[in-house]
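See structure below.
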Amino acid sequence: MQTIDDVAKKIIATLNEAGFQAYIVGGAVRDKLLNKPVNDIDLATDATPTEVTALFEHVIPVGIEHGTVIVRADHLSFEVTTFREEAGYSDFRHPDEVSYVTDLTTDLSRRDFTMNAMAENKQGTIIDPFDGKADLQARLIRAVGEPLERFQEDPLRILRALRFASQLGFMIETNTYEAMQTRLPLITALAIERVRVELDKLIQAENCRMGLHQAEALGLFDYLPVFKDSPSLIMKVRASECPFNGLTDWFVYLAYLEKQFDLSTFIKAYKLSNKDKQVMNDLDDTLMFYQSTGVSDRLVYQLDKASIHRFCVLVFHIFGENLSPDDLLDQKQALPIQSRQELAVDGHDLRRLLTDKAPGPWLRELIEVIEQNVVSGSLPNKKRAIEEWVKWYYQSENA
Ligand SMILES: Nc1ccn([C@@H]2O[C@H](COP(=O)(O)OP(=O)(O)OP(=O)(O)O)[C@@H](O)[C@H]2O)c(=O)n1
């Protein structure tokens, strides 16, 4: 079977045959050397975006102003970026000016860390002008060239260093670490959404204890919303037994750890997306419900396969109770229905039945009551029976 690496090499071959240089660069080279799975490959070339576009059938112009296009091949996408050097980052996000260059080493020299500044050609030879391979072997994160400049260009690299330390269990080289310390105040200028992406990766990583320790030693949390106002929070996180790896809802856990914050404080401070907000709020509701009633039929009904495992992890760490995801799933499967879609009536049926009622929130509330009764077994999931019950419910309500 053709791998993502084979497809990338085909793209490189097409560029080489047209007279251009082309290489695999960045995280893919690093991860291959670490024997980690590679799901995403970036390419660099001396061809301009216009020249790349002319060579391939499916090209998406995603970031032409930064020299990047996406080449689609065999149902996979590859970012292809023209060799460049960057003049400065006044918004700490996008380089102010991008100038194309023709030599690979200049392109590699603008990158953050030596382990991310290697390239691989079509034959699989590694081009490594900054000794990234040696640093990988020594398990060291080292800035390329002058560290103060690298972090000035993009202070997000400070967080990237910490999250790589957390993901890979690497140490940060002394000069690099000192430059991170000097430039640390610049992280307050970063968009909070970018900060959160790195923080998520740091906290969910395999070596998160070490990553958190390094972040705390550096003073990172003094510059981060919520954490900076609550120094005890990070102490509690460190002291907690919670294995954050894989725990996507760590904000919920932190909100429970620090009772003075409700979840909305985190949601607002980190500008969580609506989807994230929904997931976090649902989980928060379920945990509160668990706190008051324990494992009830109504509770297992609210959980689904995707959320059941993390719910159990959170219950263990917040309440110290050991629930088995499999047992909860069995209990859920034994319920009369698994989801609202399986109810024998829907909104249309109920509106037809209660023609004298004007549209309003009553319909959603009624469906919720029916759902609860069916789940608890006090009402059979049969259309006739439910309709009879609804008529009785309204008669008794109006009586
Ligand atoms: N602030 C940044 C972000 C990225 N890069 C460079 O761009 C490459 C690709 O960046 P990205 O895809 O964001 O990260 P990866 O290093 O590939 O790591 P991961 O996929 O784990 O996020 C990096 O390897 C690095 O060479 C950089 O120099 N400075």
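Using N, Cα and C of the backbone, Cβ positions are placed for all residues, glycine too.
For G27, R30, R111, D154, R157, R160, R163, the entry in TrEMBL reads CTP binding site. For R160 (CTP binding site), applying a Cβ distance below 8 Å and a minimum sequence separation of six or more within one chain yields D112, F113, E198.
Sequence annotations record features per position, and here TrEMBL assigns ATP binding site to G27, R30, R111, D154, R157, R160, R163. Using a 10 Å radius centred on the Cβ of R30 (CTP binding site) and all shown protein chains, the other Cβ atoms total 22.
Look at D40 (Mg(2+) binding site): DSSP puts it in coil. Sequence-distant neighbours of D40 (Mg(2+) binding site): residues of the same chain at least 6 apart with a C-beta under 8 Å from its C-beta are I4, G27, A28. The Mg(2+) binding site annotation in TrEMBL covers D40, D42.
Averaged over the domain 'Poly A polymerase head' (22-142), the predicted model has a pLDDT of 92. Taken from TrEMBL, the feature domain 'Poly A polymerase head' applies to 22-142.
Residues annotated as domain 'tRNA nucleotidyltransferase/poly(A) polymerase RNA and SrmB- binding' in TrEMBL: 169-227.
Marked as domain 'CCA-adding enzyme C-terminal' by TrEMBL: 250-390. Secondary structure of the domain 'CCA-adding enzyme C-terminal' (250-390), assigned with DSSP and counted as helix (H, G, I), strand (E, B) and coil, comes to 98 helix, 0 strand, 43 coil.
Secondary structure by DSSP for the domain 'Poly A polymerase head' (22-142): 32 helix, 39 strand, 50 coil.
Each residue of the domain 'tRNA nucleotidyltransferase/poly(A) polymerase RNA and SrmB- binding' (169-227) gets a DSSP state, and the totals for helix, strand and coil are 45 helix, 2 strand, 12 coil. Binding residues for ATP (G27, R30, R111, D154, R157, R160, R163) extend across at most 20 Å, taking the greatest CA-CA distance.
According to DSSP, D154 (CTP binding site) is assigned to coil rather than to any helix or strand.
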